[in-house]
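Listed in TrEMBL for this protein:
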ACT_SITE  LYS43  active site, proton acceptor
MOD_RES   LYS43  N6-(pyridoxal phosphate)lysine
BINDING   ARG143, MET322  substrate binding site
DOMAIN    244-379  domain 'Alanine racemase C-terminal'
ACT_SITE  TYR265  active site, proton acceptor
Amino acid sequence: MAAGGPGPHLAGGRLTIDLAALAWNYRFLAQRSAPAQAAAVVKADAYGLGLAPAARTLWQAGCRRFFVALPHEGLALRAVLPEAEIFVFNGLFGAEAAAAYRRGRLIPVLNGQSDLSVWEAHGWDAPDRPRPCALHVETGMNRLGMTGEELRALATENALTQALSPLLILSHLACADTPDHPMNRRQCESFQALRAVFPEIESSLANSAGIFLGGDFLCDLTRPGIALFGAMPVGGMENPLRPVVTAEARISQIKRLRAGETASYGAAPLARDTIVAVAAVGYADGYLRAASGSGVPLRKVVPGAAGFIHGKEAPVIGRVTMDLTLFDVTALGPDAVAVGDHIELFGPNMPIERVAEATGTIAYELLTAIGHRYHREYLGDGL
Ligand SMILES: *Cc1c(COP(=O)(O)O)cnc(C)c1O
């Protein structure tokens, strides 16, 4: 078992990252993607969980193609996986960035004219082909990506010059988390028409949620990210994935407060006598302030998040602060919770999707906000 972050006796929280579950999720998603291949998206430090252990595990599970967002993430990944094919979504910022791509044999995703110029002028050449790259075409996300016209112009020009070697054409779905949204079909049809502009190369459309749309959304290569890490990207479906991350906070103190006393910033008055467990994790650890509990002016309607301890749920009470969060453990009875116990913030007993909903956000944000103050334990490293 590998470890990371501050030592277990020094940290306010601990993260347990189950690499066997990550490998299982990859294999599951690869099966769901067949006959397409499944890549892995490991941007933002593998969604906050640690790039190196996640990438090694995915490689061992059979993944050979990876996507990151930025060139420095690509270089970090190259150091871990010398033989992987590494694509970078959005970071061909200029000649100096291109030098990093050369150094790391990173393949840029070209998103428009400026990327095309940079790569033609500063890209690297593989032994059998010049300037390998992927092409990102817009179908409705309207974030990055070249227009259909730009794509056709590139095809015409490149047929003459052969300056670039596109390996993959991709687009990104805007509404895949809502399977019956009409946008999905529209984007899929636009993409099928555009991929025909480069008929001889591979195509990729589906992120995690897109894999669950199946059929012609799968194309040749899928790009799952969040689902690898156990969160279900599609609403209203049972989650077939294994939970990968458990986040827990150490209980630092227990307080017995009377009705009418107040809790945390803003002095939320307590409606009844309350046993409060003070946990050593706060918004600086990605336990967002929007998870604050009832009785708090921040949230008048939604009750806020809850933790899980000794078989029961414990709601957040009062405002989440930078380093500390209060939980109402009254329902567990007196003396049920002790200093030094850990309360689960999310994990197998408290689904991250539920915490995200109570926080007014999505699992993606909770994972990528985790930060570096947790003690980390990686289960199944080197499996
Ligand atoms: C982040 C990202 C993905 C992965 O998305 P998930 O919803 O996490 O599966 C795929 N493609 C692109 C272009 C992305 O930016």
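Backbone N, Cα and C define each Cβ position, glycine as well.
Bear in mind that TrEMBL entries carry predicted annotations, made automatically and left uncurated.
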Counts by DSSP class (helix H/G/I, strand E/B, coil) across the domain 'Alanine racemase C-terminal' (244-379): 23 helix, 48 strand, 65 coil
Candidate with the highest Cβ count within 10 Å, taken from the recorded positions LYS43, ARG143: LYS43
All-chain count of other Cβ atoms within 10 Å of TYR265 (active site, proton acceptor): 14
In the chain carrying MET322 (substrate binding site), residues 6 or more apart in sequence that have Cβ under 8 angstroms from it: GLY282, TYR283, ALA284
Segment confidence, the domain 'Alanine racemase C-terminal' (244-379), expressed as mean pLDDT: 92
Secondary structure at ARG143 (substrate binding site), reduced by DSSP to three states: coil
Integer Cα-Cα distance in angstrom, LYS43 (active site, proton acceptor) to ARG143 (substrate binding site): 17
